[in-house]
Each structure stands twice: as C-alpha cells, then as structure tokens.
C-alpha cells in the first residue's frame, strides 16, 4: 500500500508503508550504535530528517568508536545542516552521545563552515548533500580535503557527483586549497541548485575502459614528490592491466608549509561508470610506496568487475530512495551500505531489495519521487 507521508505541509512524495497505523508523527529514535556504529548513521539520519521534517533523537552516538560521541567535525556538520533547515538542536556538543534534531523550514543559504581541524570536508558535504537538493545552497568549507578514513575531495567531485548528476542533481565543487592531517587548512566551495525530484539510476555493467585519470598532489613538499608518485602508479597499473590511456594532473604547492602532505587519487573511467581509489602520504612517506598502493587499490576495484566501487554504493543509497522510479546498482555490499539501507528504510519508509549479498550485490529500490 502507498500512503502519502506529510511531516512537512509542503512535502510531496509517496512511500510504501506495510501498516499505515504504524505511521506516527512524533519523535523517531535512531540507535547510533547500530550497523557500523559510526558517523554514517548521524549523517544519513539527520539529512533525511531535515528533508522530511521528522524530529529525531540519535542515542549511543559513535558507540563503537575508540572516542565515542560527537567529534568536532561531526558537530560542525550538524550545525551547518541545522542552519540550512532552521533546526533546533539539543545535545550538540563535543562528546555528546545523544542528539535531538528538530528540523524547520529548508531555505536557500550562503554559509561558511570551519571544521577547525583536519576533519573531513568530504564527510561534511555528505551531511548536507541530500538537503542541498531541496534548495539553492552556497557553502565555503575549511578543513581537511585529503585525510584518512574519509573519501578524498577529488573522489566526491569525480565519482559521487558523477552519479548524482546522472540523477539530474545540479552540483558544483571547487578546490581552493588542499588540507592534510593534522592541521587541515584546506578550503572548498560547494554550490547546489534545487532539483528535486531526482531521476532513478541503473548501473549493472562496467562498459569499456576509456582512460585512467591520475591526480597527484602535494603541499609543503617538492613537486617531485607528486610526480614520482604518479610515475609509480602508472607503471604499476601497466604491469597489472596492460595498455590504457593515461591522463595525469600534477598539483604542487611546495611553498605552502602550513599543511604538509601528499596523495594520489586514481579514477578508472568507463563508458558507463567511474571507479576510484587513492592513497595518502605524510612527511617521511616514500612517494613510490604511495603511488603503488593507490594503483593496487584501483586494480582491486577494477578486478571486482562491478560498475560501482566499494566506497560509492553507501553514498548513493539515500538518493536512490528519493528518486522518482526504480533504481538498480551493483557492487560490493559494505557495512556502510548496510547501515545506510537500514537508516533510509526507517526514515523514508522504503524497502530495498538486496541480492547476492556475499558476492557482487544487486541493490534495488522503488523511489519515493520526493520533492518539496
């Protein structure tokens, strides 16, 4: 049965509800320790709550992490989202294990967010991306562009945005300055235009390999560090794959000593999709090791023969549920993907179908045609 859900007065989408009597319009509680038990639950829960107008409580925040509770980067992301949707917050402080989020009206905005550390800019963008599709948003973010345990900013630009644009999202991102661990100091500008409802996607095959693109970058180090990393990445991939078209971008800021680091971002561009992988280096890391590590990581993604890499599927789950029609994707089912499916089903009332969970998973959902 389909029932129209109206947490907001001006909301318009249909979602499948097995038992309409269970549709209750009061605060929803999300277990922050469920699934992978990290920041993913916070980002997806709050983003979808902001869209639907649903008041939620998240408890046991990041319970499975060495330092549980909200960290500075999570807090900055939450407060940035709250500004876009005029939300009221309770428990919004560093170390908090419970957060209450009561969203208001989503409005066009021009904001500045300063994480203040090397906290990931990419993860902050993940927090605001869904709600940015319901407004015209301009955002300048300071923090880490290339840090551990988060997608590098090039990945968001070249992979995540690639698929969202296929869904008719209007997004733009400009990297002003790189920021590495531990000081950050990176800067990115982001812009979106209201574009709901989204179109569904279907990615079930790779297509033919067109080229491999390399972005080798460094700050506070000689340009040779980035160049050597790129050379080793290219040679390693040639040994593993044979011949292919190679496009290389070298970005070096040797005079910029306030943040020191380097990295290699690789993207395999196929006729149907884009796969990404990367590796990061710190002061003292050998460029050849970083280049080789990035190349082997990309080869592993390519060898899986799936149209989406292991870092992309979880990012697309909420948008598939928001789209106007059936979306189907294939790839590796990660813990982050399982977590996002669980949260999205709970917030939007959809039901994902997952086949071949132990191999190359096939994930499908009938979207809600969500619009505001």
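Glycine is no exception: its Cβ is also placed from the backbone N, Cα and C atoms.
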Q | Site co-member for ATP according to TrEMBL, given 311, 312, 313, 314, 315, out of 126, 127 | A | 126
Q) For the recorded ATP site formed by 126, 311, 312, 313, 314, 315, which further same-chain residues have Cβ atoms within 8 Å of the site's Cβ center? A) 151, 160, 316, 317, 336, 337, 340
Q. Relative to the Cβ of residue 315 (ATP binding site), which residues of the same chain, six or more apart in sequence, are found under 8 Å away?
A. 126, 160, 340
Q: Could you measure between residue 313 (ATP binding site) and residue 336 (active site, tele-AMP-histidine intermediate) for me? Cα positions, answer in whole angstrom.
A: 9
Q) Roughly how many Å separate the Cα of residue 312 (ATP binding site) from that of residue 336 (active site, tele-AMP-histidine intermediate), to the nearest whole number? A) 10
**Q.** Integer Å distance between the CA atoms belonging to residue 314 (ATP binding site) and residue 336 (active site, tele-AMP-histidine intermediate)
**A.** 6
**Q.** Structural state of residue 311 (ATP binding site), classified by DSSP into three states
**A.** coil
